[in-house]
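Peer 1: Okay, here's the structure, questions in a sec.
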Amino acid sequence: MRTARPRHYLMCRPTHFDVVYSINPWMDPAKPVDTQLAITQWEKLREVYLSLGHTVDTIDPLPGLPDMVFAANGATVIDGRALVARFRDAERIAEGPAYHDWLRDNGFPDLRTAHVVNEGEGDYLLAGEWLLAGTGFRSDPRSHDEAQEFFGRPVIGLTLVDPDYYHLDTALTVLDEQTIAYYPAAFSPGSLAVLRRLFPDAVIATAEDAAAFGLNATSDGHNVVLPHNATGLTEQLRARGFHPIGVDLSELLKAGGSVKCCTLELRTAAQSHDPA
Ligand code: ARG
């Protein structure tokens, strides 16, 4: 029997969403984007969270920042403390201060902007006591030390090797404190060996489910919200006693993002652990 724990999420409406530059292989500025459809799909995701009993705050979208919808990248928030992102790409740098100020003014005054490139929960995922940390494309490997010092939690560095899976949250999802799902081919041989050692019972995703961004999911411990066309993963989750909920975020995938990318978890001290 799996238990859901209510979550506190921060999201950003894709009011100014577009694909006008390319900083990952999914982004093709020549392909048309339907911003209205992106907004409709995003609203549906928000409604799913509210129907599950989660709290959803929103940050005001800023014009000229078409990727700001991907709130996961704005920070990592654990034990009520926020390590705010420092983006790699010039196109997204101004998002950092926007997330910083929102967090400072909305209950997270204990915060700091990362000194080296750190793309927040895009690359940092809390799994029980461990903070899993991606590098290879975006977050600087030195950001792993910085995060370990800041949070006082053991950071497990993982190297990504496939440019299609450029952030950790595109290749791995945390389902509960002990359970993760991941796509093995996205990781270096050493990092894959680490994952096998720490999570021998992990759910292993296929190439098809990874390409559908099935690993870009959120979980409350029971309900797993994921792209609806990750059908194999959906079945595996059901077999493990989770309750998968499929959503369609096809417009946002044109920028290389989906469910998790749109969702930043805000954890107070009490919300940083699941009850044993
Ligand atoms: N276009 C965005 C970028 O390349 C997508 C970010 C997706 N966010 C995530 N958490 N993986 O930065």
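Note: Cβ is positioned from N, Cα and C throughout, glycine not excepted.
Bear in mind that TrEMBL entries carry predicted annotations, made automatically and left uncurated.
Among the features that TrEMBL reports, active site, proton donor is placed at H167. TrEMBL lists C261 with the feature active site, nucleophile.
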Peer 1: Could you give the Cα-Cα distance between H167 (active site, proton donor) and the residue listed as 'active site, nucleophile', in whole Å?
Peer 2: 9
Peer 1: Sort out for me which one of H167, C261 has the most neighbouring CB atoms within 10 A, since those are the active-site residues we care about.
Peer 2: H167
Peer 1: What does DSSP assign H167 (active site, proton donor), in three states?
Peer 2: coil
